[in-house]
Amino acid sequence: MNTTETTNAVKQQQMPRIGDKAPAFKAVTTQGEINFPEDYKGEWVILFSHPADFTPVCTSEFMTFAHLEEKFNKANCKLVGLSIDGLYSHIAWLRTIKDKIKFNGMENIEVKFPLIEDITMEVANKYGMIQPGEHKTQAVRAVFFIDPNGIVRAIIYYPLSLGRNFDEMYRALIAMQTSDKFNVATPADWEPGKDVIISPAGSCGVAADRMNNTDELHCDDWFFCTKKLDKDLILNEILKP
């Protein structure tokens, strides 16, 4: 591999990391032009890529996203899709989904969130969505959770053959918002209503106090303390009426 090829390969695989500012871009979409992430200030965004229009796994995912869009919107989260296909291909595909495709009890599904045209792969490369080991010219199934301040908070990557788990994406969104609002962490398999984790004590005194605070906390040891957090309290804080 020569120097130019090496440089291009490195550039192609670059991606923002958790805690980074979401790379900015302007793009044409099925809902008009967008200026990202500027247009979404104050809102969470799930930016996701798919390999190609008119493919079966992608079709099942877009139908599911569209079916759940209102649920995500209530959690102050907008959806933005991307593939390296052109705008007219996008439009034709979305019309086909609405007119012809049935999946998991869903039919006549209208995709209302924007789908980005990225023929030049500019956006896909900015976000590391092109993984040459998987495919040189198709985006993998990447998912970026971007918070209201335009910061990347979580990233999930799936191979071309694997459809995404939408329950997990929603769970992750609610968990991150819960952590932000209540200054807690969420343990394995957490869902609203289950116990949350308190950050480890930063001093011996705090550790001792926590072990004695049996009214609010349950501590198996100084570093492992949980507490109850009411499901209704969480959802009332996070979800729009």
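Placed from the backbone N, Cα and C atoms, the Cβ positions cover glycine too.
Since we're looking at a predicted model, the values are computed, not measured.
As given in TrEMBL:
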ACT_SITE  CYS58  active site, cysteine sulfenic acid (-SOH) intermediate
ACT_SITE  CYS58  active site, cysteine sulfenic acid (-SOH) intermediate
BINDING   ARG141  substrate binding site
DISULFID  CYS219-CYS225  disulfide bond
DOMAIN    16-178  domain 'Thioredoxin'
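Feature map: TrEMBL annotations on the structure.
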residue	record	contacts (Cβ under 8 Å, 6+ apart)
CYS58	active site, cysteine sulfenic acid (-SOH) intermediate	HIS50, PRO51, ALA52, SER83
ARG141	substrate binding site	PHE48, SER49, HIS50, PRO51, GLU61, TYR157, TYR158, PRO159, LEU160, LEU162, GLY163, ARG164
CYS219	disulfide bond	ARG210, MET211, ASN213, CYS225, THR226
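Its Cβ placed at the centre, CYS225 (disulfide bond) has 22 other Cβ atoms within 10 Å. Secondary structure at the residue listed as 'substrate binding site', taken from DSSP and collapsed to helix, strand or coil, is strand.
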